[in-house]
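As structure tokens, the structure follows; a few thoughts come after it.
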Amino acid sequence: MTAILLDGDVLARRRFDELAARVVSLAKRGVVPRLATVLVGDNPASQSYIGRKHENCAELGMASDDIRLRGDISEDALIAQVEALNADPLIHGALVQLPLPAHLDEGRVGEAVSPAKDVDGLHPMNLGRLLAGTPGLLPCTPAGIEDLLRAHDVPLAGRRVAIIGRGMLVGRPLAMLLSLPGTDAEVTLLHRRSPDLAEVTRQADVVVSAAGQPDLVTADMIRPGAAVVGVGITYVDGGMVSDIADEVAQVAGHITPRHGSVGAMTRAHLLSNLVRIAEAG
Ligand code: GUN
């Protein structure tokens, strides 16, 4: 079997085109969506992720501010910077790129971002609304994964979805999103040390891995025809290695390409949140 590609780069391009049309409508009202990002320190992967967010903003005719702060900044000074962005009426959305240097408390910094400007959808208020079943701004990677699956007609209602990785950026909020009434997936949240990992994934119609362990998911763990989404990426000897082993493409019905794909969908949903905030005025 040759799996159908869940190509997030192609779908994100479509989503960007749809957003560009909404940006044009906003411009007619004199509104230019504006994103502010805060990067602390010089993590090379974070620099590259942030760079792409600003490239996408420019392509879509949106404004953006790329704020870079020293890696040894104090937590109070960082929070003061975030509060200045909250108070700036020209900024519609703000985010602090993760991970932060170890001396900074990611929870406290994340809570400092105004929930109304939380384009990441990761503020406890927005995560809490998702949990409560009254979603506000959605977390971008989970929203991007759901969009990628739906756009390729991968059924979710009444299907078993196994999610590997219980992190706050992907696994836990994705489990909340896909188990909302109306989506009706049966979700199992696993992690790399789950005792029955392979038994559970073998029963699943959809497997999402966001564990960050190279080649964790092998062909024998996948039911023939299942959809497989690789999110986790590990940097090994300067190269990127996916959670999903190459051989999985031989058994899966749908699969993400070995690299990229979900990253573009994350950015599409980040900018969708930004446009939504700007439209709400
Ligand atoms: N680091 C990796 N992914 C993300 C993301 O989606 N948002 C933020 N703020 N940091 C990240």
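Keep in mind that glycine also has a Cβ here, set from the backbone N, Cα and C atoms.
Database features, via TrEMBL:
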{"type": "BINDING", "residues": "G165, R166, G167, I233", "note": "NADP(+) binding site"}
{"type": "DOMAIN", "residues": "6-120", "note": "domain 'Tetrahydrofolate dehydrogenase/cyclohydrolase catalytic'"}
{"type": "DOMAIN", "residues": "139-279", "note": "domain 'Tetrahydrofolate dehydrogenase/cyclohydrolase NAD(P)-binding'"}
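Taking the features listed in TrEMBL, we show where each one sits on the structure.
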residue: G165; record: NADP(+) binding site; Cβ contacts under 8 Å, 6 or more apart: G171, L190, H191, R192, V208, S209, A210, A211, G212, V231, G232
residue: R166; record: NADP(+) binding site; Cβ contacts under 8 Å, 6 or more apart: R172, L189, L190, H191
residue: G167; record: NADP(+) binding site; Cβ contacts under 8 Å, 6 or more apart: A210
residue: I233; record: NADP(+) binding site; Cβ contacts under 8 Å, 6 or more apart: G212, M240, V241, S242, D243, H259
Would you work out the biggest C-alpha to C-alpha distance among G165, R166, G167, I233, the residues that bind NADP(+) according to the record, and give it in angstrom as a whole number?
15
Secondary-structure category, per DSSP, in which G165 (NADP(+) binding site) falls:
coil
Let me know the DSSP-derived helix, strand or coil state of I233 (NADP(+) binding site), please.
strand
